[in-house]
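To keep things clear, I will list the structure first and then write my remarks on it.
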Amino acid sequence: MERTCLAIILAAGESTRMKSAMSKVLHPVAGRPMIAHVVDALASASISDVALVVGRDADAVSAAAATDEVAVTSFLQKERLGTAHAVLAAREAIAKGYDDVLVVFGDTPLITAAPLKAARDGLAAGNDVVVIGFQATDPTGYGRLIVKDGALVAIREHRDASDEERRITYCNGGLMAIDGRKALDLLNRIGNANAKGEYYLTDLVEIARSLDGRAIAVEAPEEELTGCNTRAELAYIERLWQQRRRHELMLAGVSMIAPETVFLSWDTALAQDVLLEPNVVFGPGVRVESGAVIHAFSHLEGAHVRAGATVGPFARLRPGADLGAKSKVGNFCEVKNAEIGAGAKVNHLTYIGDAFVGAGSNIGAGTITCNYDGVNKHVTRIGANAFVGSNSSLVAPVSIGDGALVASGSVITEDVPADAVAFGRARQDVKPGRAPILRERYEAEKAARKRAKAAE
């Protein structure tokens, strides 16, 4: 029978060092709150029940952690009296009698399912407490994990460690799994006889051993246990997340010419044989199909780029942009809430918003769909194999039929039937010999302004 597990996320800190108007766990990593990354890792570890311990910005933190994947229940920690005190804020949930209780932090967005599963496996093997640790590049300041004959005998804080213990690089990552049948008894035994008068979760190791229980440590990569307390650490975590995701995508068949310049969101979906040129930014909600090319300096958000399509350089796809197979959106173009049909071309200096562009159509440089009247948005519909000449304004709501041709420089305010040619511009008026007369007048006006300025 599968073991039951309650995960407790500690997210009640004041976030003082973050120097922010909102809780640190609400700050985004790869486009979503860092606490949402933690919840996602728990879901990936097949954990279905989460107790979220909240304090500052409780409602916003609870909303950010909400998901369809796991059941999240929030518990308010009214006082800040240490990590064990925070865990006991979820006493009601712990008392339900889960097999495993897993304690994690809301500010560790790089954690993955693997060490969480390893910790639970440690409980399944008969251990009472399992601490998740890491081999520190620089262990200074971290609590050391003292392991003897495979058992974790103590967590020694740096300030209390002997010289020999300080040479240990196996450090406490803070995350912990506890035998759910014993969790409340063990937690209730933690005292606060220390300089700060706080209740520390790390005391569980020695308490369990004093009751003839057993504690062990399992190892996770150091980066997965990176916590976030400052803006500098937030930037570092973002960099680590981006590096990890880029590497995964390249191994899956995505080509990146300069991967360090590509920035992804948490849900960016890139298929095999997608090519990304340098300096591409993906906001949330982007899906790119096989064979598509995203040229340099493009920004995509909420967009679907279908197989073989090309984007950019210097293009912007906003939410609702849907590019058909082998279509093209070129340099200095913006597409928003619009469908570009298969093989259609929007090559240069164009805005397509709230529109449908049919398959095979060609939209000339400088074309604008005038979709907003100051109050409401309106739709432009362009049929298949139509041609819109350069520098045209399509004033929505308006339709251009299949195979129609719109002359350059037109302002189109009425529907254009299929296969029709539409001219929507003033007739050109040429006045022979008039240029020298106008030039002479302009020079005289310029000279008069100079004389007036000199006389001031």
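Glycine too: its Cβ is placed from the backbone N, Cα and C atoms.
Owing to the predicted nature of the structure, the values given are computational and were not obtained by experimental measurement.
Per Swiss-Prot, region 'Pyrophosphorylase' is recorded for 1-231, and the stated evidence type is sequence analysis.
According to Swiss-Prot, the feature UDP-N-acetyl-alpha-D-glucosamine binding site maps to 10-13, LYS24, GLN77, 82-83, GLY143, GLU157, ASN172, ASN229, ARG318, LYS336, TYR351, ASN362. According to DSSP, ARG318 (UDP-N-acetyl-alpha-D-glucosamine binding site) sits in a coil region rather than a helix or strand. Within 10 Å of the C-beta of ARG318 (UDP-N-acetyl-alpha-D-glucosamine binding site) we count 17 further C-beta atoms, all protein chains included.
What Swiss-Prot lists as Mg(2+) binding site is ASP107, ASN229, and the listing cites sequence analysis. ASP107 (Mg(2+) binding site) carries neither a helix nor a strand DSSP state and counts as coil.
Per Swiss-Prot, region 'Linker' is recorded for 232-252. Within its own chain, the region 'Linker' (232-252) has Cβ neighbours under 8 Å at 18, 24, 27, 29-30, 34, 109-110, 223, 226, 259-260, 262-264, 268, 270, 272, counting only residues six or more beyond its boundaries.
Summarising the annotation, Swiss-Prot assigns region 'N-acetyltransferase' to 253-456.
Annotated active site, proton acceptor per Swiss-Prot: HIS348, in sequence order, evidence recorded as sequence analysis. HIS348 (active site, proton acceptor) counts 16 other C-beta atoms within 10 Å of its own C-beta, drawing on all protein chains shown.
The DSSP secondary structure for SER408 (acetyl-CoA binding site) is coil. Counting only same-chain residues at least 6 apart in sequence, those with a Cβ under 8 Å from the Cβ of SER408 (acetyl-CoA binding site) are GLY364, GLY389, SER390, ASN391, SER392. Taken from Swiss-Prot, the feature acetyl-CoA binding site applies to ALA365, ASN371, TYR372, SER390, SER408, ARG425, supported by sequence analysis.
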Neighbouring recorded positions, C-alpha within 10 angstroms of LEU10 (UDP-N-acetyl-alpha-D-glucosamine binding site) - of ASN229, HIS348, ASN371, TYR372, ARG425: none
Within the region 'Linker' (232-252), residues counted as helix, strand or coil by DSSP: 20 helix, 0 strand, 1 coil
Listed binding-site residues ASP107, ASN229, ALA365, ARG425, filtered to Cα within 10 Å of LYS24 (UDP-N-acetyl-alpha-D-glucosamine binding site): ASP107, ASN229
ALA365 (acetyl-CoA binding site): tally of other CB atoms within 10 A of its CB: 18
Rounded distance in angstrom between the Cα atoms of ALA12 (UDP-N-acetyl-alpha-D-glucosamine binding site) and ARG425 (acetyl-CoA binding site): 64
